[in-house]
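Some features that Swiss-Prot has for this protein:
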- 13-16: DNA-binding region (DNA_BIND)
- LYS52, HIS111, 137-139, 172-178, GLN230, THR236, ARG244: substrate binding site (BINDING)
- 63-67: DNA-binding region (DNA_BIND)
- 83-88: DNA-binding region (DNA_BIND)
- ASP137, ASP139: Mn(2+) 1 binding site (BINDING)
- 215-220: DNA-binding region (DNA_BIND)
- 227-235: DNA-binding region (DNA_BIND)
- HIS331, HIS337, ASP339: Mn(2+) 3 binding site (BINDING)
- 740-759: region 'Disordered' (REGION)
Amino acid sequence: MGSASEQRVTLTNADKVLYPATGTTKSDIFDYYAGVAEVMLGHIAGRPATRKRWPNGVDQPAFFEKQLALSAPPWLSRATVAHRSGTTTYPIIDSATGLAWIAQQAALEVHVPQWRFVAEPGSGELNPGPATRLVFDLDPGEGVMMAQLAEVARAVRDLLADIGLVTFPVTSGSKGLHLYTPLDEPVSSRGATVLAKRVAQRLEQAMPALVTSTMTKSLRAGKVFVDWSQNSGSKTTIAPYSLRGRTHPTVAAPRTWAELDDPALRQLSYDEVLTRIARDGDLLERLDADAPVADRLTRYRRMRDASKTPEPIPTAKPVTGDGNTFVIQEHHARRPHYDFRLECDGVLVSWAVPKNLPDNTSVNHLAIHTEDHPLEYATFEGAIPSGEYGAGKVIIWDSGTYDTEKFHDDPHTGEVIVNLHGGRISGRYALIRTNGDRWLAHRLKNQKDQKVFEFDNLAPMLATHGTVAGLKASQWAFEGKWDGYRLLVEADHGAVRLRSRSGRDVTAEYPQLRALAEDLADHHVVLDGEAVVLDSSGVPSFSQMQNRGRDTRVEFWAFDLLYLDGRALLGTRYQDRRKLLETLANATSLTVPELLPGDGAQAFACSRKHGWEGVIAKRRDSRYQPGRRCASWVKDKHWNTQEVVIGGWRAGEGGRSSGVGSLLMGIPGPGGLQFAGRVGTGLSERELANLKEMLAPLHTDESPFDVPLPARDAKGITYVKPALVAEVRYSEWTPEGRLRQSSWRGLRPDKKPSEVVRE
C-alpha cells in the first residue's frame, strides 16, 4: 500500500450542501476532517471504521457502510473480521488522507469499537485484539437535562477512580455524554463488558431515582441509561471528533470536567471544536497514548536501494520526539535545488526549494513537498550515484534550530510557520500549501515587528483548572499561585509601563513599582507576573492587596519573560524562557520566586504548607500563547474561588438596614447573567459603604439576569448594570447552579465582566 505522503483524494461536488439548516457544504466537511486529523487519528487508528453516510445531505436518508467497496483506493489500510453471517473487510483510517476519503464519501459519522486489530506473530495477519479502553454512553431519558447527565458522569468518574482508572468526558454531539477510560492493560472485550456492566449496576443501586442500567426503554423516563453494552466486541461507538448527521453539524467533542460543572453545558458545533483544538490541543491525549503510528519512512525506503546509495536508510520505524533542528542541503541533481528539512515527530519533513528560501519579505519562492527523510539525513553529505533517485552531490548549506509557531504539514491544509536560528539564515518563515505538493515559501517580518507583540495589544496566557497531583517534574515545572493581581510589565531602558490582565494601563496605580525602571535600566524587557502585598508571615495577602494605600509595600514577582532586548520569546519553550528569566534576575534585583520541588503532588503539598493559594503547573516545552487559556498550563487551588459579576443588591437587616446587606452574583451567559446566588458573608462595614457608593450610579430598573429570579431571591432587590467584577470563595456548586457557602474576597478591578467564566 502507498504511504500517506503519496495518497491523493480529489474533492468532488465541493459546494453540495450537506447540512441545509446551516448551509454547511461538503467542502466545509472536507476541511473539518483535515483540521481534526492530528487529534482524531490516534483514537481511531488500528480500529475497523464503520461509516454512516449522507450522500444527499442530512435531510435525506442515510445508510451504514461496513464493507469496504471494491472501488476504494488501494492505499487504504484494511482488515477482515469474521461474523456469523460471513466476513467483512473494514477500512482502517490511520492517515489524514484517509479522513479526507471519509469526507469525500459524505461519511459524516465514523464509528469504531473499543478494540484494535493486532498482527499475528509470523504471518502479520491482522485479527481483532483486546479492548484498550472502556466506554459508557449516558443516554438521557425523557425529561433528563444536561446537568443530570453531568451528575451521573461525575459519579461514574468517582467509581472508576476508586479502582485507579481515569475518565475523560465527551459530549456526544447528539443528546448524551460519552465517558472514556483507558485501560493500563488491554482486556478481552468480554472482560471489558463485564466490568462496565458492574459499574453501571453499582451506580443504579447508589442512584436509583436517576440511573438505570437496563436497556428496556419503558424504564428510562426521567432517568439516565448508563449503556455499558458498547464495550462488546461486536458493537461500535461514534468516534471522538466525529461529526454527527443531525440537523446542525455537531461533533462528539472532548470536554473538561470543569465544563461539565457548567449548567449551560451543551453540544458543540464543528467550527467551535476547531477553535478549541487550536487553543487546547487534544483533551483526550492520554486516552490512546499507545495508538499505532504509521511508519513515515515507508515511501523513503521504497525509493532507495541501500546497496546502491550512501544515503542513510534505517530499518526501524522512526520514534516520535520533540527535536527542533533544521538543515538546508545544496543538491546538485539533474535540476539543481536546495532541500529544506525540519525535524518533526521523529523525521525530517522535507521540501525541495529551487531558489532556496527567500532572503526578503517581498517575494515568494516555490517549494515542493517531498517524502519524509530520516533524522540521520541531517548530517548527510556525499554523492548519490547516477541512475539512483536524486542522483547528484549533496552538500550541507546551513543547519541550526527552529521555534515553531504553527506546524500543519498534512496534504490538505498545510501551513508551517517557524523561526530559524542558523549560521547563514535566520528569521521567520512561512510555508503554505497551494495545490497538491506545491507550496510557497515566504519570509516574514521578525516577530518583534509584528502587531501581535505590541505591548499595548498583548494579553496574558491563562491556565486551565485541573489537578496537578499526577504531573511529573520531568515534563512539568511547578510555580506557586500567588494571591495578588496579574500584571504585564514593560521596562524599556529606564521607563516602565504596567498593564492589568484586562488590558488597562495601571502604571499610575502602582507607584511602588517605579523602581523596576531603574532595576532593569540596561534592558528592554516584557515580563509577566503578579503584584503582591505580603502579610506579617511573608505570604501574599489578597485582602491587604485590596486595601493597600500608596505607602503599602507592593512587590512584583516575575514568573515569565516574553521579550528581551530585541527578541520576542513567545515561541520559545517555557524552560528556555525560565532560564533567561533567572539569568536576568541574577544580574538585577528582579524578584523571581523559585520553582517548587518534586512532582505535582509534592509541589501541591509544599504550596499548602506555606499558605499559598495553590500551584500553577507549566509544561516545560510549552510556548506562550497570548490571551489563550491553554491545557499546557494547569492551575490547582487549595480552596474554591470564583469570579462573579454583581447584578444587584439587597438591603441589610438590623445594623445594615440602611445599606447593602448582600450582593446578587451572576456568570455572563448568552442571554445575560446566569444567577449564581447571593453573598454577604465576609463584607466589612467599610466595604459595604464603598459598595453602596459604587453601585448607586449603576442602578437600573431592568434585571441583568437571563431568567426571572426565584421569588425568595428577587424580594427587595435593587438591580444594577453588570459592570463590577468580584471574587468569592465557596464550598461547591449546587445542581441549580448556585454557589454554596459563598464568602466575599473583594472586587477585581483588573477584570472585565466579559472575562468572567465559571471555573
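Yeah, the Cβs are placed from backbone N, Cα and C, and that goes for glycine too.
Given the structure is predicted, the values throughout are model-derived calculations rather than measurements.
Feature map: annotations from Swiss-Prot on the structure.
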{"residue": "LYS52", "record": "substrate binding site", "CB count, 10 Å": "19"}
{"residue": "ASP137", "record": "substrate binding site", "CB count, 10 Å": "22"}
{"residue": "ASP139", "record": "substrate binding site", "CB count, 10 Å": "22"}
{"residue": "GLY173", "record": "substrate binding site", "CB count, 10 Å": "27"}
{"residue": "LYS175", "record": "substrate binding site", "CB count, 10 Å": "14"}
{"residue": "LEU177", "record": "substrate binding site", "CB count, 10 Å": "25"}
{"residue": "GLN230", "record": "substrate binding site", "CB count, 10 Å": "20"}
{"residue": "ARG244", "record": "substrate binding site", "CB count, 10 Å": "21"}
{"residue": "HIS331", "record": "Mn(2+) 3 binding site", "CB count, 10 Å": "19"}
{"residue": "HIS337", "record": "Mn(2+) 3 binding site", "CB count, 10 Å": "21"}
Confidence summary for the DNA-binding region (13-16), mean pLDDT rounded:
92
Measure the Cβ-based neighbour count of ASP339 (Mn(2+) 3 binding site), defined as the other Cβ atoms within 10 Å of its Cβ.
23
Sequence-remote contacts (6 or more beyond its ends) of the DNA-binding region (13-16), Cβ cut-off under 8 Å?
25-27, 30, 57
To the nearest whole angstrom, state the Cα distance for the pair LYS175 (substrate binding site) and ASP339 (Mn(2+) 3 binding site).
51
Tertiary contacts of the DNA-binding region (63-67), defined by C-beta under 8 angstroms and 6+ residue spacing from its ends, are 48, 50-53, 88-90, 107
Length of the line joining the Cα atoms of ASP139 (substrate binding site) and ASP339 (Mn(2+) 3 binding site), in Å
54
What other residues of the same chain, not counting HIS331, HIS337, ASP339, have a CB atom within 8 A of the CB centroid of the Mn(2+) 3 site?
GLN329, GLU330, ALA333, PRO336, TYR338, ALA352, VAL353, VAL394
Going by C-alpha positions, which of the binding-site residues (GLY173, LEU177, ARG244) is nearest HIS331 (Mn(2+) 3 binding site)?
ARG244
DSSP assigns the residues of the region 'Disordered' (740-759) as 3 helix, 6 strand, 11 coil
Please report the distance from the Cα of GLN230 (substrate binding site) to the Cα of HIS337 (Mn(2+) 3 binding site), rounded to the nearest angstrom.
54
State the Cα to Cα distance, in Å, between LYS52 (substrate binding site) and ASP339 (Mn(2+) 3 binding site), rounded to an integer.
42
Fill in the CA-CA distance, HIS337 (Mn(2+) 3 binding site) to ARG244 (substrate binding site), as an integer in Å.
46
For GLN230 (substrate binding site), name the DSSP secondary structure in the helix/strand/coil scheme.
helix
CA pair ASP137 (substrate binding site) / ASP339 (Mn(2+) 3 binding site), Å rounded to integer, equals 50
